[in-house]
Amino acid sequence: MPKICIKSEAIKMQKMYASLLLATLTFWTLVLRSDQAHSPPAVPCDRSRKVFTEPYGDISDGPSGFNYTQDSHCEWLIKARNDSQFITLTFHSMGTECSYDYIYVYDGDSFNSTLLGSFSGRTQPQRLVARSGSMLILMYSDTNYVLDGFRASYYISNCLNNCHNHGKCVGHQCVCHGEWVGPDCEDEACPQRCGESQGRGRCQKSICHCSRGFSGRLCDLSDHPAGSSWRWLATDAEGMTPRAAHTASLHGRRGCSLRFRRL
Ligand SMILES: [Ca+2]
């Protein structure tokens, strides 16, 4: 009997240790899971350079819903298969400390390449295109105050903006369908038919030829305008190269102010 009793006690002790061990393991598992649930996941923006070679993809400073980190220096390099391809970057959200934390985008694979733009604050950048076959993105933040960062997507194409699906891509050049013009077939050749039905102009060889007394891309700018508004004068395809300009003059006799702005 004592023997049996000793054996019984030993079994009880083993069961007790096993229960204790199980309870301990369960406790720490719960603790670790709870800790993971309240900690942000690993942040991909970690002072490294990430290289993207897929034809399209998404880029961000980190998981959605979390701020970027202080004192960041993170690089993303997008590489096309060859130098003749285009890389188009579209921002979907933007939020950095204005004038202190920046996102730089280069047309090339180094900081010596052409700078396409530097962005800071909450204004969403415009669409950017790299034509060198590489695009380098840098995010820099100083040592205090952070925001939610940025999210963007890119795609690589043989022709600029895939010709906006308004033309064929031939040897990295867009050949536009008849009713479209421009290096990427973005612009309608004769928008609003040049106001032909109102006698403002006529469409000839994909360009509006305005009647006397009218001008502008849509022939909608009258020599005697009623009120003032911005007018679309020309497209890149019609000979205006990218530039920034602004001028204004006051016509005393007519009592009006004439202004021109081009960005
Ligand atoms: Ca900052």
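Cβ coordinates are placed from backbone N, Cα and C, and glycine is handled just like the others.
Residues or ranges marked as disulfide bond in TrEMBL: CYS159-CYS169 (among others). Summarising the environment of CYS159 (disulfide bond), the number of other Cβ atoms within 10 Å of its Cβ, over all protein chains shown, is 22.
DSSP assigns CYS176 (disulfide bond) to a strand segment in the three-state reduction. The disulfide bond feature in TrEMBL is assigned to CYS176-CYS185 (among others).
Look at TrEMBL and you will find 45-157 tagged as domain 'CUB'. Averaged across the domain 'CUB' (45-157), the predicted model reaches a pLDDT of 95.
According to TrEMBL, the domain 'EGF-like' annotation covers 155-186.
In terms of DSSP helix, strand and coil, the domain 'EGF-like' (155-186) has 6 helix, 13 strand, 13 coil.
For CYS169 (disulfide bond), the Cβ neighbour count at a 10 Å cut-off comes to 16, with all displayed protein chains included.
Across the structure, CYS169 (disulfide bond) and CYS185 (disulfide bond) are spaced 10 Å apart at their Cα atoms. Here the CA atom of CYS159 (disulfide bond) lies 10 Å from the CA atom of CYS185 (disulfide bond). Residue with the densest Cβ environment among the disulfide-bonded residues CYS176, CYS185: CYS185, by other Cβ atoms within 10 Å.
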